[in-house]
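Enquirer: First the structure, which I've put down as structure tokens, then a few questions once you've had a look.
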Amino acid sequence: MWEFRSINFWRAVFAEFFGTMFFVFFGMAATLIQSIGHISGGHINPAVTFAYLIGSQLSLFRAIFYMAAQCLGAVAGAAVLYGVTPGNMRGNMAMNTLQPGISLGMGTTVEVFLTMQLVVCIFAVTDERRNGRMGSAALSIGFSVTIGHLMGMYYTGAGMNPARSFAPAVLFRNFVNHWVYWVGPMIGGAMGALLYDFMLFPRMRGLSERLATLKGSRPPESETQQDTRGEPIELKTQAL
């Protein structure tokens, strides 16, 4: 598979590790998306990567490596934060838990909707088909994350990102109801991708083209890199 032999692919995987690590440590979503978006797409979230997979905008091979890098990066960031934080200030490291009175079904539903609005926002503000796109895509995504947290913190702690939820659960070895923070965001991400790419602003691509993307096929002589959210584009010789 060409991606495995591509240095750009491994740079992108490392960017996802690095970006998710710093996201967990600092909590700077918009800044990190702007920083690594041109390298890997700046997903820093397995649910976002899964959404792009559902939308046939990246290969299955790349999606698996991205998700692994994101989870490892999240654990690394949380571990460093744990190490530099005094014991009397650590608390539970913002570990996501269901609030009192919130059932598993309620929590999962909230996570579905929180992640769906995030993915629709991401797909919309980074869609290369939009003419006259104005403003900062990273800032818009940052606002979407913020709004999700302001609403979801009273229900589930606002997961939206399985990797971020996974990291403190690993450190504290507490996986009670942890599946909610994977199932909900993954379903929400898939629904957001289907809603945007097949209903709101459909991509007119055939089945063969979608399968080729999922398999990671490409002409062997073409050098590609990732665009701002994960689709291959030709390398530019000049700075934009």
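Positions of Cβ are set from backbone N, Cα and C atoms, glycine also.
What TrEMBL shows for this protein is this:
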type     : residues : note
COMPBIAS : 218-234  : compositional bias 'Basic and acidic residues'
REGION   : 213-240  : region 'Disordered'
TRANSMEM : 12-33    : transmembrane segment
TRANSMEM : 63-84    : transmembrane segment
TRANSMEM : 104-125  : transmembrane segment
TRANSMEM : 137-156  : transmembrane segment
TRANSMEM : 179-201  : transmembrane segment
Enquirer: Can you work out which residues elsewhere in the same chain, 6+ from the ends of the transmembrane segment (63-84), have a Cβ less than 8 Å from its Cβ atoms?
Expert: 9, 12-14, 16-25, 40, 43-46, 49-50, 52-53, 90, 93, 162-164, 166-168, 170-171
Enquirer: Quickly jot the same-chain residues contacting the transmembrane segment (12-33) by Cβ under 8 Å, restricted to those at least six beyond its ends, or write none.
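Expert: For the transmembrane segment (12-33), the list is 39-45, 62, 65-66, 69-74, 76-78, 80-81, 136-139, 141-143, 145, 163-164, 167, 225-226.
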